[in-house]
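A quick write-up on the structure given underneath.
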Amino acid sequence: MDVIPTEAIWWRLFLLFTAVGVLAAGTVTAFFIYSLFKYRSSGQALGEDQGTAGRIYRIMVESPVSGKSKYLLFVTGIIVMGLIVATIDETLYLEKSPPVEDALVVMVIGFQFGWQFEYSVGGETVTTLNYLVVPSDTLIEFRVTSRDVFHAFGIPEFKNKIDAIPGILNSMWIKTPDEPGKVYNAYCYELCGIGHSLMVGKVIVVDKEEFYNAYNSGPDVFSEYVNNVISKYK
């Protein structure tokens with residue numbers, strides 16, 4: 001099953017809202033420019049309340065539901081409803097668990113002032129601090145909590161973040177890039193104390209086959225592998 005990366009979903013929404021905004025702004029601007037020429041002064045005296053201001057007043061106040069007004073209200077309603085439906089649809093997609101069963105599950109525990117990452121390997125837990133090694137071209141499900149105060153875990157490039165709350169397990173997912181070698185920063189997005197600005201983790205993307213060779217070899221081999229990878233970036 002093809003999975004849309006989280007960042008692509010947010011960019012798609014951003015471009016949709018931008019396109020609608022540009023279209024609306026262009027339409028309004030064109031109307032104003034048209035009005036400047038259409039209703040410019042002709043040099044002839046007009047009767048009381050017979051000018052453009054009077055016509056606009058009658059359209060907007062005395063006859064707010066004229067034919068044109070109804071049409072504009074209808075079109076505006078369709079556009080707004082379309083944006084609402086698109087936003088809800090994309091947000092619900094992001095909030096679901098990864099749509100495939102073979103996602104790599106990583107436990108993320110926030111603390112003042114760092115991140116603890118846990119892999120389940122062969123029934124045992126392999127732990128790293130502030131450095132996370134993940135395979136390329138893979139869905140990663142983060143199960144996020146905190147052991148002290150409120151935090152929020154997020155990786156800017158993937159346009160996704162989730163609250164880390166003591167006693168509550170939240171989840172979010174990302175799809176790593178196809179090519180290994182990328183390194184991303186993971187930040188805390190919740191003011192959590194004096195060391196908040198220093199609470200930055202590293203997410204290192206490695207070759208998928210190499211990662212799973214170590215992962216499937218047991219906790220000892222995998223722990224040595226991730227520590228060797230991490231040592232290159234410290």
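Cβ atoms are placed via backbone N, Cα and C, with glycine included.
What Swiss-Prot says about this protein:
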BINDING   His151, Cys188, Cys192, His196  Cu cation binding site
TRANSMEM  13-33  transmembrane segment
TRANSMEM  72-92  transmembrane segment
Worksheet item: Excluding the flanking five residues on each side, which residues at least 6 beyond the ends of the transmembrane segment (13-33) place their CB within less than 8 Å of a CB in that stretch?
Response: 79, 83, 86-87, 90
Fill in: Close approaches to the transmembrane segment (72-92) from elsewhere in its chain (Cβ under 8 angstroms; 6 or more beyond its ends)
9-10, 12-13, 16-17, 20, 24
Worksheet item: Which of the three DSSP-derived classes (helix, strand, coil) applies to Cys188 (Cu cation binding site)?
Response: strand
Worksheet, complete the sentence: Counting other C-beta atoms within 10 angstroms, the emptiest spot among the binding-site residues Cys188, Cys192 is Cys192
Discussion item. For the Cu cation site (His151, Cys188, Cys192, His196), what does the 8 A shell look like? I mean other same-chain residues with CB within 8 A of the CB centroid.
Written reply: Gly110, Gln112, Phe113, Val149, Phe150, Ala152, Tyr189, Glu190, Leu191, Gly193, Met199
